[in-house]
């Protein structure tokens with residue numbers, strides 16, 4: 001028997017798009033909660049429930065639901081048995097995804113996919129994708145209902161930061177609209193007071209008045225245009241600077257869960273948001289105010305005609321209100337399509353070396369084409385919805401003046417209004433319908449802008465790394481990891497388990513182990529890119545939680561295996577973190593990194609431009625430029641993750657000799673025997689745990705794992 005919840009629900013599942021590649025489960029949870037009128041933001045859900053790098057299992061999803069005070073039941077059911085379940089339910093889909101089953105009809109099953117929106121699926125197609133497991137949820141004891149936070153309130157600073165500019169634009173636009181409204185009144189005056197009585201001598205005076213109105217209208221339009229140009233600039237500055245300032249303060253994990261193409265699309269959408277706010281939303285608010293003035297004038301002139309105009313105008317707005325949710329979902333699907341296409345293009349260009357060397361141009365093109373066709377399909381669906389709405393709206397606007405003319409003519413014949421009043425009323429009603437049409441466009445723009453704001457808000461709502469009021473300490477080089485554990489989310493398996501490690505100032509410590517053992521994760525925690533789930537990391541006896549992360553990282557030189565250089569000169573890349581360094585210091589660092597001679601052999605030497613991602617120089621040169629950049633800052637600690645993997649033995653030996661002489665603490669991840677053997681301490685990592693540690697000779701005696709590792713290296 002189906003159990004019904006006493007809680008009020010929405011008419012259908014509100015669509016919430018997944019912003020991360022692994023958060024389909026969280027989005028399903030958010031949509032179900034919102035259906036039962038508990039509007040949690042995605043940020044709150046991530047904080048409370050967690051969302052790992054590798055996604056979520058059905059068991060974890062059930063535990064999440066219980067935390068939100070849902071009563072749950074898990075079923076292993078075929079497609080026919082789903083008809084007996086309480087809907088909505090969360091389904092395991094295609095063995096790697098979660099969707100919501102919203103409704104079952106006689107012809108299809110309606111699902112809401114956080115990745116692609118609401119769609120009807122035929123039973124045959126449904127059965128192919130459905131993976132056989134369902135989770136039902138309904139509110140239990142302690143379940144809370146609350147309203148969602150309006151996304152526009154997060155962007156109120158755009159107006160509150162510039163009240164004078166917005167006030168000036170509102171005032172001038174209102175004046176311009178009143179000038180437009182005044183024209184029908186003047187037409188009525190000419191017909192009733194000049195043409196009908198045959199007062200020809202007043203025509204010249206009327207012409208002077210018209211010229212004055214046109215002059216003032218042009219002047220106010222010019223001033224308003226200048227202010228709008230200024231507003232465009234300040235809004236661009238406010239939006240872009242706030243977005244990128246916040247983006248750069250976000251923790252490293254934020255970027256692991258989002259594609260570069262998606263983030264680039266969000267950044268580029270700022271221009272769309274600015275244009276919509278300036279050109280549509282502000283204008284729409286003013287149009288609404290002017291419509292009230294027009295309606296008041298029409299009521300005074302002819303209540304009957306005013307009521308007819310109001311009813312037709314209300315029908316127009318009601319049409320938009322009823323289609324809002326369809327337009328909103330269509331907009332979100334189009335935006336998602338743009339994001340996926342840009343992601344595919346970014347991926348293709350960044351990975352062009354692999355594309356060319358593997359000969360997979362056709363496969364990459366087909367992948368891009370598939371996403372592009374999806375974008376075209378989303379665009380077509382959105383435009384079809386808008387076409388229905390706009391056709392109905394334009395039909396109403398076409399009919400309205402004719403109806404007004406027909407009814408008004410009868411009133412002229414009965415003497416209720418004058419001919420001048422009819423002409424003026426007809427003209428001003430046309431203004432009314434034009435403005436109501438503008439409001440319709442404003443509502444569409446408002447819906448579109450809201451979709452963009454949600455994507456930008458996902459970035460702005462993300463918590464930044466805490467840096468305020470933290471200690472800025474000069475490091476000596478002692479590092480201690482004490483019972484450190486790390487997992488990517490609350491329900492993910494631990495990647496690092498109870499690791500303790502003492503590194504003394506000036507020591508060279510190697511982390512060795514198989515790929516995926518957790519070496520790079522430990523290194524990232526030492527740098528401060530990952531925060532331990534449990535345990536503490538200390539620098540010179542002070543917890544990392546008490547230290548300013550930016551100041552800390554500037555004292556740690558880091559050279560990753562895959563070096564990314566900026567599209568600047570070699571000199572600028574080396575001095576990126578130390579722009580005040582002298583040329584002599586730059587040369588000294590380059591010599592220490594064994595790259596100076598090669599730079600001097602280049603035509604432009606240190607002014608040689610590096611292409612984006614450093615694609616125009618070799619991997620070994622990129623690593624040594626990155627090492628020179630790290631050494632320029634005289635770091636207390638160096639973290640080298642396969643940093644010499646692209647170097648020949650001679651250059652590696654020279655660099656190692658230099659580093660040994662500067663008394664700098666080094667944490668090295670390497671597979672080369674020569675890099676590991678002369679370390680003060682070798683730490684063997686396996687499955688996120690430290691299983692052995694000691695010198696090279698000690699480990700050969702006591703560690704079978706290291707002995708095997710040693711044999712593999714020498715072979």
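The first residue you see is number 1, and the count goes up from there.
Every residue, even glycine, has its Cβ placed from backbone N, Cα and C.
A quick note: this is a predicted structure, and the numbers were derived from the prediction, not measured.
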* To do: From the ranges 108-129, 130-151, 240-261, 306-327, grab the one TrEMBL calls transmembrane segment.
  => 306-327
* Asked: TrEMBL tags one of 165-191, 354-380, 435-461, 462-488 as transmembrane segment - which one?
  -> 165-191
* Asked: Between 281-300, 381-400, 501-520, 521-540, which stretch does TrEMBL give the note transmembrane segment?
  -> 281-300
* Structure fact -> When TrEMBL is consulted, the range among 203-223, 329-349, 560-580 described as transmembrane segment turns out to be 203-223
* Given the transmembrane segment (165-191), which of the listed stretches 203-223, 281-300, 306-327 has the most Cβ pairs that are under 8 Å apart from it? -> 281-300
* Structure fact -> What DSSP reports for the domain 'Peptidase C39' (18-137) is 41 helix, 41 strand, 38 coil
